[in-house]
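Straight from TrEMBL, the features:
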- GLU104: active site, proton acceptor (ACT_SITE)
- SER26, GLY27, SER28, THR29, ASP82, GLY83, ALA84, ASP85, LYS95, GLY96, GLY97, GLY98, LYS122: substrate binding site (BINDING)
Amino acid sequence: MDINKKIAGEEAVNYIKDGMTIGLGSGSTVNWMLKKLANRVKNEGLNIKGIPTSIKTELLAKDLGIPLTNFTDVEQIDLAIDGADEVDNNLNLLKGGGGSLVREKIVDAMAKKLIIIIDESKLVTHLGAFPLPIEILPFGWNITAKHIANFGCEPILRKKEEDVFVSDNGNYILDCKFDRILHPKSLHENLKLLVGVVETGLFVGMTDKVITARNGEIVMIQH
Ligand SMILES: O=C[C@H](O)[C@H](O)[C@H](O)COP(=O)(O)O
């Protein structure tokens, strides 16, 4: 599985052109992309600037010597490259397994193009077998969890060892197993109406292209 993540991640770097501002997603597949991108920056003098979607990505990008920028200095992103936990037949995504969904959504939504890099196991008919991450405010979290449970799932407060997991934004995450999400757009919209919900891991209608790999061969999916 890791080799397929590497192949997909590295392939995405071919879409990065000189002068672009790049949204740098999060996760293990993105980390392969970052390593390859760093090579091009170092060896070819590729001139790009990245906007990271998590503190982990920011630290790795800095370590690798990838130039970074921020929303004070740029107003648009040419291309975002990100991972996903599930991708359905309509290229809707379920994200946030690593806890980076809010910054990912801000960056991915601002990008002119969004490329998703995954190993093939992430392709599903319907989203929802992977528990949906929902970032919520810590204040009153158990009340918010009760409201979310009314949508037909069992929200589990994410933990990191013995402690509550805290996102890059200082919030909590509920992992909500729905099994089958038949209407991701309306589920997302209705969850967002709840006071206390910051963002959901449903990324609907945002993806331009999916790059995956099967038995070491690149597979492209786009509509
Ligand atoms: O919060 C995490 C992100 O949504 C990741 O992009 C997602 O979990 C995929 O990660 P990986 O490439 O490690 O499977």
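Just so it is clear, glycine is given a Cβ too, placed from its N, Cα and C backbone atoms.
Under 6 Å, Cβ to nearest atom of ligand 1: this is the test, and of the binding-site residues SER26, GLY97, LYS122 it is passed by SER26, GLY97.
Just so you know, the Cβ of LYS122 (substrate binding site) picks up 23 other Cβ atoms within 10 Å once every protein chain is counted. The two recorded residues GLU104 (active site, proton acceptor) and GLY97 (substrate binding site) have their Cα atoms spaced 12 Å from each other. The Cβ of SER28 (substrate binding site) lies under 8 Å from the Cβ of ASP2, LYS5, GLY83, each on the same chain and at least six residues away in sequence. Take SER26, GLY27, SER28, THR29, ASP82, GLY83, ALA84, ASP85, LYS95, GLY96, GLY97, GLY98, LYS122, the residues named in the record as contacts for substrate: the widest Cα to Cα gap among them comes to 15 Å. Other residues of the same chain near the substrate site, with their Cβ within 8 Å of the Cβ centroid of SER26, GLY27, SER28, THR29, ASP82, GLY83, ALA84, ASP85, LYS95, GLY96, GLY97, GLY98, LYS122, are GLY25, VAL30, SER100, ILE118. All protein chains considered, the CB of GLY97 (substrate binding site) has 20 other CB atoms within 10 Å.
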